[in-house]
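J.: Marked as domain 'Peptidase C51' by Swiss-Prot on the basis of sequence analysis: 34-174. What Swiss-Prot lists as ATP binding site is Arg328, Phe329, Asp330, Lys513, Lys548, Gly555, Gln583, Ile618, Ile619, Thr620. What Swiss-Prot lists as site 'Transition state stabilizer' is Arg328, and the listing cites similarity to another entry. Annotation source Swiss-Prot lists Mg(2+) 1 binding site at Asp330, Glu344, citing similarity to another entry. Per Swiss-Prot, the feature Mg(2+) 2 binding site maps to Glu344, Asn346; the stated evidence is similarity to another entry.
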Amino acid sequence: MASAERVPVSFNKPGRVPFGEVQGYAPGHIPAYSNKHDHFFSGERSIDDNVFCGFKYQCVEFARRWLLERKGLVLPDVNWACHIFKLKNVKDAATAEEVPVIAVRNGTEAKPEPDTLIIYPSSDVNTVGHVGAITEVGDDYVCIADQNYRFHKWEASYSYKLKLQHKDGVWTIIDDIDPNDVEIPLGWVTFPGYENRPEGAAPPALHPSLHFQPPEEPYLVRKTYEPTETKANWLDLNDPAEKLFVEEFGMDVSRSRLEETTVNYYECDHEFHLRCIAYGTQLHDYFMEATAQVINDDERLRIFKIPEELWPRMRHSWKYQQTYISGRFDFAYNNETHQMKCFEYNADSASTLLECGRIQQKWAESVGLDKEGTRGSGWAVERNLRTAWATCGATGRVHFLVDDEKEEQYTALYCLQAAEAVGLEGKLCVMYDEFRFNEEGYVVDSDGVRVRNIWKTWMWESAISDYFAAQAERGADWKATPADKVRLCDLMLGKDWDILYFEPMWKLIPSNKAILPIIYHNHPDHPAILRAEYELTDELRAVGYARKPIVGRVGRNVTITDGTGEVHAESGGNFGERDMIYQELFSLTKQDGYYAIIGGWMLGDAFSGTGIREDKSIITGLDSPFAAIRIKINAIPRPLTHKDLDKLAEDE
């Protein structure tokens, strides 16, 4: 039963400009594009007239384009936006000669100037700082044009105004738009001697030495490391999620239940990490696009073998719940061809999320890998998991519904902690014996709290099977009473259609491999997409193929056949009677006898991190060990705050 006054929930908040659309134009007709929200990172490079401007659509990307188009100058590479304040020079776009710049501290006798770059410091909530352009200066305000700070449509040639205070001869810019997060920018950077380029002028002729140089090909390498010292008891047994992990697997990131003397992990470069982000972000959009095509097309939807009786409910979930928490891509990479391909999207899964977001980093610290010039690949997971919960539309209590397996329970507890961190109330529910029906026939928990939000590890397919079994047992005229026992289907497919589910029912579509041929035919030229068909074609026979059930988990009932017709691997399981799809065979690189599958996490609508499942078999399964990924970095950037600038001034 659906409520007539139900309001749809969505990540697309009213007034927020979608990613990539123009928010407005700064003076000089320089566009600013929406980055969607603060924690979204596309991983896509922005190239303007052969200049690398940054990543779409971060604040530095706008600053570089603004400086090039407004002044004919090129901003050198910086790690973070705040580091622009420490620059001594930029370059002339035409000559590549160095051009001195002047950084002016905020809170001095100098009044801000228009056509300069305003720089924000590092903070607890934003380590990288921020940069924008000052477009206008009044006696008590400055106007700012920027990206990735506020996401509305501009009403003029700037995004917002900031307060400018003049007191005791000192000029101070104050960002108090959010009274709960007042910020004082570091200052602004000026470009003496460089006038603004004429409105509508052709792009400056760029010196060849400033042209963008493509990066080296990415790599992913399995490594063996012998720690010089190790930290015992590196997981917190007072943390419920970590305690359950230890009970199940011990102190071992690989979950192999073995003590480690030498350790194995995977190292990738920054380019590999960026490719995971870019492909994951793009593919998520493609799967959402294909879901929209399927859900209201009866002919296509029949291919997915979802019972037609449940279509109205699934369509209701698509219409009214456009929020979600987690999904994981399965990527494969070949170090010789430097190709990365997507095998599938586990859009209704949270398995190995704790391992990716917390365990692999704590393990790396316990064996000293955090001191080896690398960074964890799951650093954004916990932040983005909290953001997903904060924006998902749930209020009050969330029931975390799991089986009696410890792996499901620690995964649930990890997600529960993130929900509670943003003000929700979480309750772990192992099985469903504690639930009952109230007098109105709605499900309540042991505290009498009506179920309004459910996070679950149960497959929707399990609930559907139970739904039809219950129909057969209860009969057509059955109505729930407090004396009746609550079943799985009563929680997931009961009378209340307005319960928020994580993941929602419509994720039956993107998590079904029947979507893969649609994805391929929609975007056949995308470098990460493999050919996929509903029937075995001559093209697939020629290159080899994987035969997969449209509904299945953990690598069950998969057959891999090469281009000669020889079967290289096959797995058993309980999905063999399902319809099949045929996917182009992709050659994985075998390292130290192992094949690696990269799990790429979407949390909410943002790509958030990676982890690896490896196996000596080319088909990874439920028991395949987890392996950590470390991202090689040249140096760890340091924050820049007002105190840092004060100390630098003292040292000088």
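Positions of Cβ are set from backbone N, Cα and C atoms, glycine also.
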J.: Among the binding-site residues listed here (Asp330, Lys548, Gln583), which has the Cα closest to the Cα of Asn346 (Mg(2+) 2 binding site)?
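T.: Minimum Cα distance from Asn346 (Mg(2+) 2 binding site) across Asp330, Lys548, Gln583 lands on Asp330.
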J.: Rounded to an integer, what is the Cα-Cα distance in Å between Lys548 (ATP binding site) and Glu344 (Mg(2+) 1 binding site)?
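T.: For Lys548 (ATP binding site) versus Glu344 (Mg(2+) 1 binding site), the Cα atoms are 11 Å apart.
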J.: Which one of these binding-site residues, Asp330, Glu344, has the sparsest Cβ neighbourhood, judged by other Cβ atoms within 10 angstroms?
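T.: Among the binding-site residues Asp330, Glu344, the sparsest Cβ neighbourhood within 10 Å belongs to Asp330.
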J.: For the C-alpha pair, I'd like the distance in angstrom between Asp330 (ATP binding site) and Glu344 (Mg(2+) 1 binding site), rounded off.
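T.: One finds 6 Å between the Cα atoms of these residues.
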J.: Determine how many residues of the domain 'Peptidase C51' (34-174) DSSP places in helix, in strand and in coil.
T.: 19 helix, 54 strand, 68 coil
J.: Could you tell me which three-state DSSP class Ile619 (ATP binding site) falls into?
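T.: Going by the DSSP assignment, Ile619 (ATP binding site) belongs to neither helix nor strand, so it counts as coil.
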J.: Taking the Cβ of Ile619 (ATP binding site) as the centre, how many other Cβ atoms fall within a 10 Å radius?
T.: 20
J.: Would you count the other CB atoms within 10 A of the CB of Lys548 (ATP binding site), including those on all shown protein chains?
T.: 24
J.: Across the domain 'Peptidase C51' (34-174), what does the mean pLDDT come to, as a whole number?
T.: 96
